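From TrEMBL, here are the annotated features:
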DOMAIN    B:2-115  domain 'Response regulatory'
MOD_RES   B:ASP51  4-aspartylphosphate
DOMAIN    B:123-221  domain 'OmpR/PhoB-type'
DNA_BIND  B:123-221  DNA-binding region
Amino acid sequence: MRVPASLSLRLSLLFALVSLGLLGGLGAYLYHALGEQIAWRDDQMLQGRLERMEALLDDGESIAALRRRPLLYANMLGNRESLLWILDTQGAPLIEVNPPGLPVPDLPPAPEGRLGAHPAVESTRLAWRSLEHDGRRLTLVAGKTLGERERMLAAYRLRLWLAMGAGAVLACGLGWIVVRRGLRPVRRLAARARTIDVTHLHRRLEAHDETAELRELSRALNQMLARLEEGFAQLSRFSEDLAHEMRTPLGNLLGATQQALQRERTAEEYRQLLGSHVEEYERLSRMIETMLFLARTEQPARALPRETIDLRDLAEQLCDYFEGMADEDGRELVSDMQGRVTANLDLLRRALANLIDNALRHGRSGTEIRLVSRREAGDWHLGVVNHGAPIPDAERARLFERFYRGDPARSRPVGTGGLGLAIVRSVAQMHGGEAWCESDTAVNAFWLHLPAGDDDRVDSGPGRR
Amino acid sequence: MRILLVEDESKTADYLARGLGEAGYRVEVARDGLDGRHLIEEADFELIILDVMLPGLDGWALLRLIRRHGQVPVLFLTARDAVEYRVKGLELGADDYLVKPFSFVELLARVRTLLRRGPLRERERFQVAELHMDVLKRRVTRGETRLALTNKEFALLQLLLEREGEVLSRTLIASEVWGMNFDSDTNVVEVAVRRLRAKVDDPFARRLIHTERGMGYVLEDRG
């Protein structure tokens, strides 16, 4: 069955259904109780009648005398529903009062008295008793046809049905009104939510003056709004940064070309110009490639191919790669990494390479850079520890944002274009982990956290913060 | 060496055809899938460069067609750097791929590798001018002088010697020497080449390792 779309309608129908069930149950109970009560009263009356007949016989009245005094019992019986037989041993009626003209009943002997229906006619009730009188076996029978009782009960039933129907309709209507009233805060919430759009993301739902259930909902929605607002702000900031970052190489290309076109140049000058252009193009192309990479990592939980990686081998490869650069700056790359981690090799290598590159860029000349690994409760922490000026707290929080470059005076112009650490964070998040930075007076450590047993945590995708 | 280039973007097709022509290849250009199919069926090529996003008949369909005809090497170009694309191309029988935007040097290197495939033999000795390398003995000499190289310097020099006269891009060098197959924006390769040069070239009169600005590095005897 399709559920009605409106909550009010649904609730009021449910309300009606419940009332109908309750009223129906109550009605059925009352109806049966009444029926039983009437039956009991009738049986009492029939038995009373038998006793009176017996008393008359005991008083010495002969059957013949009784027959001659029809008024006595005619009076006593008085209506068309009552029956009375006195039967002899053969079952032939000695006295018969039988206005509806039923056949004479053929009853089993019952010295103690019995109750039951007429064996040949339904909807009758008889009480009978066998006894000795003047040396004869007689059967006294008092009875009643049930027509009247049934008519009465039928009328009662009809009334009950009507009352139930009316009750249900009333319940439905009242339920509708009550539910509408009860759901008013929801409509208020909806009205408030309707006013929130892209330009009004700072608006919030009012949580305090609502009912407890709605307060919870409002709070959850407000938290969602806060996250959305943050994401949206980040996105806008990011587009702005992106445009800015692209403007620089484009400006260089445009300016340098126009300047070169001012007059004739030698072939060598043109070659130099084109070479410089290639460098700018490469910068742009790399930026786009990185942007694509980052955008892709933000798609919800895509299956990430993983393999078992020997950290010692990976660190050795990276040290080999950066050895020359470190050496140029009088620095040494030292690896303490060891163990086996399950991760995506390309991504992990890229993240660690970016961390080392970052350390080479910002660390102090002549110091060492240490690659370390730590295992805590199954989780891996991979770090690149570096000697350099301490990083202020405010800056540390933003280091992993895209295009964030820290102190402009400190960073060198060429390089990752402010995306290197953003990639590190993305890689961590793709593995369900996080990246962060610790800094004290002399040492800056950049950490990559890879949670354990990631395979059974498919839902904790890169979207989580 | 005849190369078929199937590419609908006219500027791309033009510069690729020109560049490959200058590198000594004969290039036929098809501007759409149907043209491409016609040429594949009519003529023989040693290499096919295929853009997969084509009007008329897409690159995948052409790739299937090519594989029905024979084993000519296929390099496909894609603007989409999604893993599914690469996997699909390689599964359909392509030999290599490049993601746009790619550098021309990179393309040239791949083309050379694909065309060289087959009788590729590990050489044990190299000689350019008075520079000698013995791979098995791990010995490098220039004239009478024995050069002491680190492992990575040796690998880099070997790569340059193997591809003597070819311009090698930084990306290619990073991936061949260190196995770093992502486009790193550090100047690791520059530094490595500079350090190698300090040993191989600087003490001598004639330079063998040259920088092609914006392209990469090449080792050759320019007299």
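Cβ atoms here come from the backbone N, Cα and C positions, even for glycine.
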So, by DSSP, how many helix, strand and coil residues make up the DNA-binding region (B:123-221)?
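DSSP composition of the DNA-binding region (B:123-221): 34 helix, 24 strand, 41 coil.
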Using DSSP, break the domain 'Response regulatory' (B:2-115) down into helix, strand and coil residues and give each count.
55 helix, 24 strand, 35 coil
Within 10 Å of the Cβ of the residue listed as '4-aspartylphosphate', how many other Cβ atoms can you find? Include all protein chains, please.
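That number is 25.
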Can you work out the mean pLDDT of the predicted model over the domain 'OmpR/PhoB-type' (B:123-221)?
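It averages 89.
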